[in-house]
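See below for the structure under consideration.
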Amino acid sequence: MSVRRVAAVDLRTAVRSRMVRWLTGVFTVLSALGVSLLAVAGVEDATAVDAVGALSLPAVLVVPLAAIVVGYVAVVGERRSGSLKLLLGFPVSRAAVVAGKLAARTATVAMAVLVAFAVSGVLAAVLYGGVPVGRYAAFTLATVALGVAVAGFAVGVSAAVATRGRALAVAVGSYLLLVLFWQPVVAGVHYAATGGLPGAVVPAWYLLLDRLSPVGAYQVLVRAALDTTATASVFAIRPPAASAAPLETQLGGGPIPWYLSDAAAVLVLAAWTVLPVLVGTLRFRGRDL
């Protein structure tokens, strides 16, 4: 059995899941509400780009949650049910099983994002007289990359742990850290190193730490896609004007390090997609079923 076959079977199972359909529906509704907010509120001179930018907050909250829910039981769930032993009875390696699960679960998350943003794109075009297709496509691609990165992390966790309970604990803890509390933690590191909270001017290493989370890297790509300075933060530590300032201003002048570039943000998301899966596969290979 090939990776493609494992992925095809698992994709059909994931797509039929009620939880996946429910999460897709919730994200679609939240995205539609987000893109409609400026029009409903009667904000003058609101543009489609402004409306699309409002989608980043529901994306930051819901897409990682959906990716974790889809991915955290990908391997360990079948291990505990016994179906994994049946699957491995076919001529397929454990690495191929994990790779197939990764392909299926990331595709599931990507489809959910595409469905939600297709609806929101049509709605934005109706409400604001059109949508800049290139920018919207780039924004959608960045959001898909966020979902794929978190799904890759979740599949890696699912392959690495021995029980469903541990997978759930890691999944919940990871969501809280990566989505909700990453910025406060990074601000705590800044406080420990400098004796104060981050302000208008910060060291380059602070911005690097902030961008090492999937959400931080995603926000870099969103700003590049929409050519905006807006950010979507749950617990923002720095003043909004400080975070929205050009990088040169935030660094107090001087050259911008390569690790603060848009390309570096892409590499961060790629690392979150691949590295946990590699670690999980190594642990899965050496573990008794």
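Positions of Cβ are set from backbone N, Cα and C atoms, glycine also.
Bear in mind that TrEMBL entries carry predicted annotations, made automatically and left uncurated.
Per TrEMBL, transmembrane segment is recorded for 20-43 (among others). When Cβ-Cβ distances below 8 Å are used as the criterion, the transmembrane segment (20-43) is approached by residues 14, 50-52, 54-55, 57-59, 62-63, 65-66, 69-70, 108, 111-113, 115-117, 119-120, 123-124, 127-128 of the same chain, each at least six residues removed from its ends.
The transmembrane segment annotation in TrEMBL covers 55-75 (among others). Sequence-distant contacts of the transmembrane segment (55-75) (same chain, at least 6 residues past either end, Cβ-Cβ under 8 Å): 10, 14, 19-20, 23-24, 26-27, 30-31, 33-35, 84, 97-98, 101-102, 104-105, 108-109, 112-113, 117, 120, 139, 143, 146-155, 157-159, 164, 167-168, 170-171, 174-175, 178-179, 214-215, 218-219, 222, 230-232, 234, 280, 284.
For the transmembrane segment (109-130), the residues of the chain that approach it from at least six positions outside its boundaries are 15, 20, 23-24, 27-28, 31-32, 34-36, 39, 46-48, 51-52, 55, 59, 63, 66-67, 70-71, 136, 139-140, 143-144, 147-148, 150-151, judged by C-beta separation under 8 angstroms. Here TrEMBL flags 109-130 (among others) as transmembrane segment.
According to TrEMBL, the feature transmembrane segment maps to 136-160 (among others).
What TrEMBL lists as transmembrane segment is 167-185 (among others).
The annotation transmembrane segment is assigned in TrEMBL to 258-279 (among others).
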